[in-house]
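Under the heading NADP(+) binding site, TrEMBL lists 9, 10, 11, 12, 13, 14, 15, 16. The feature NADPH binding site is assigned by TrEMBL to 105. Among the features that TrEMBL reports, L-homoserine binding site is placed at 190. Feature annotation from TrEMBL assigns active site, proton donor to 205. What TrEMBL lists as domain 'ACT' is 350-424.
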Ligand code: NAP
Ligand code: HSE
């Protein structure tokens with residue numbers, strides 16, 4: 001049996017998972033790849049760190065050139081994270097004619113074009129199945145199994161950390177900080193969890209999905225983003241009262257050539273399949289013009305689920321090692337005209353406001369909303385904090401621009417203490 005040497009750049013959560021899978025499933029992997037895949041070098045920052053996996057000392061290095069200059073290494077697996085030096089190392093590996101596998105959505109979403117170009121120029125393969133939704137085979141799903149379709153819409157829960165936090169807040173009344181700490185301890189969160197909590201991670205993944213499904217590389221800075229840090233126990237309670245669950249959704253739609261892209265917390269009906277995607281699980285709902293609606297569900301983070309996708313890419317390269325088929329498709333039909341401005345999008349809205357408990361307050365706010373064409377579905381007044389009360393409005397479907405104008409006026413009213421939160425409500429029909 002041929003032996004294929006590979007190297008890992010990084011031995012953290014994902015690197016550890018890759019190491020473990022290659023060891024535990026050695027027989028299946030040999031049978032399916034027809035090769036004996038061996039890790040021959042692992043780059044780390046700190047060689048003295050205690051690892052979760054039992055790695056022979058001689059494999060560990062802190063010098064990346066030990067990998068680039070080793071001609072026996074055919075595949076480099078980047079599981080370090082970050083842009084620098086991850087991108088530089090991947091390009092160096094490609095220039096040394098090594099195939100590259102990565103789990104790094106940040107680097108693909110921000111510098112993917114350069115990596116793709118380099119891989120093509122060097123005639124090596126560049127695979128990134130693990131970069132979106134961990135163990136769910138979504139990249140291959142779109143690129144191969146759904147390739148006959150014109151994709152119309154993708155709606156996904158694609159960040160495991162925030163889904164874990166929201167689940168714990170909703171089902172166990174856990175506070176935000178404790179839930180985040182648990183997600184970090186389980187290895188779901190990024191090195192800097194701000195990326196998860198504030199929705200950046202989901203934006204990177206959405207950019208990659210948009211590229212695959214619509215052939216358009218969208219700069220992540222152009223994607224509307226809101227994280228979950230503003231979600232309060234009170235919002236969760238109101239959501240329950242209205243029969244909704246709050247999820248961080250990543251949405252991309254092609255509306256006759258106008259692309260709508262956004263990541264934000266959303267109230268969705270509790271009976272919708274996405275509402276029942278809990279803990280670190282991810283799910284992606286895709287609408288294709290031939291296949292109709294389909295949903296992929298699985299673990300979106302963690303060492304073994306992510307390692308499963310990384311090792312699958314390695315095996316796929318090994319199977320075609322002399323046949324550089326690119327998994328990356330360049331811009332497709334090119335019928336996309338523009339990205340829709342957020343104020344042109346429509347939704348129903350949940351608006352929570354703290355106001356002074358005075359006569360005429362409700363009427364004044366309702367009339368401002370009415371003047372901006374925002375019609376109300378329901379209004380609740382609850383709780384008294386000294387002279388303050390909470391008002392909650394749920395609107396009918398309206399333009400985001402109308403909500404923005406209303407909130408600007410409402411904020412200027414003397415009896416309004418604070419517009420505490422605004423959450424989009426999607427009926428998902
Ligand atoms: P991690 O636990 O922080 O591990 C990072 C590893 O890279 C560590 O072993 C670290 O070395 C090494 N490293 C970092 N910078 C380095 C440098 N400059 N030189 C040498 N080694 C360096 O990260 P992770 O959670 O495994 O995530 C890795 C990648 O997978 C990220 O791109 C992440 O977005 C992506 N990802 C993660 C998950 C998940 O569930 N965690 C899921 C999907 C994708 P030391 O150990 O010596 O510090
Ligand atoms: N931090 C990411 C998440 C890891 O929580 O989903 C998987 O990409």
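Backbone N, Cα and C define each Cβ position, glycine as well.
What TrEMBL says about a protein is an automatic prediction, not a curated fact.
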Listed recorded positions with Cβ under 6 Å from ligand 1, out of 14, 16, 205: 14
From 10, 11, 14, 205, the recorded positions whose CA lies within 10 Å of that of residue 105 (NADPH binding site): 205
Of 12, 15, 16, 190, 205, recorded positions neighbouring ligand 2, Cβ under 6 A: 190
Additional residues surrounding NADP(+), by Cβ distance to the 9, 10, 11, 12, 13, 14, 15, 16 centre under 8 Å: 8, 17, 18, 79, 80
Reported mean pLDDT - the domain 'ACT' (350-424): 94
Which same-chain residues, if any, lie at least 6 apart from residue 11 (NADP(+) binding site) yet have Cβ under 8 Å of it: 19, 42, 44, 51, 53, 55, 60, 79
Cβ-Cβ neighbours of residue 205 (active site, proton donor) (radius 10 Å): 27
Integer Å distance between the CA atoms belonging to the residue listed as 'L-homoserine binding site' and residue 16 (NADP(+) binding site): 15
Cα distance (Å, whole number) from residue 12 (NADP(+) binding site) to the residue listed as 'L-homoserine binding site': 11
Inter-residue Cα distance where the pair is the residue listed as 'active site, proton donor' and residue 13 (NADP(+) binding site), in Å: 19
Residue 13 (NADP(+) binding site) in three-state DSSP notation: helix
Residue with minimal Cβ packing [other Cβ atoms within 10 Å] among the binding-site residues 12, 15, 16: 12
Alpha-carbon spacing, residue 10 (NADP(+) binding site) to the residue listed as 'active site, proton donor', which is rounded to whole Å: 21
Number of other Cβ atoms within 10 Å of the Cβ of residue 10 (NADP(+) binding site) across all protein chains: 23
Secondary structure content of the domain 'ACT' (350-424), with strand meaning DSSP E or B: 23 helix, 36 strand, 16 coil
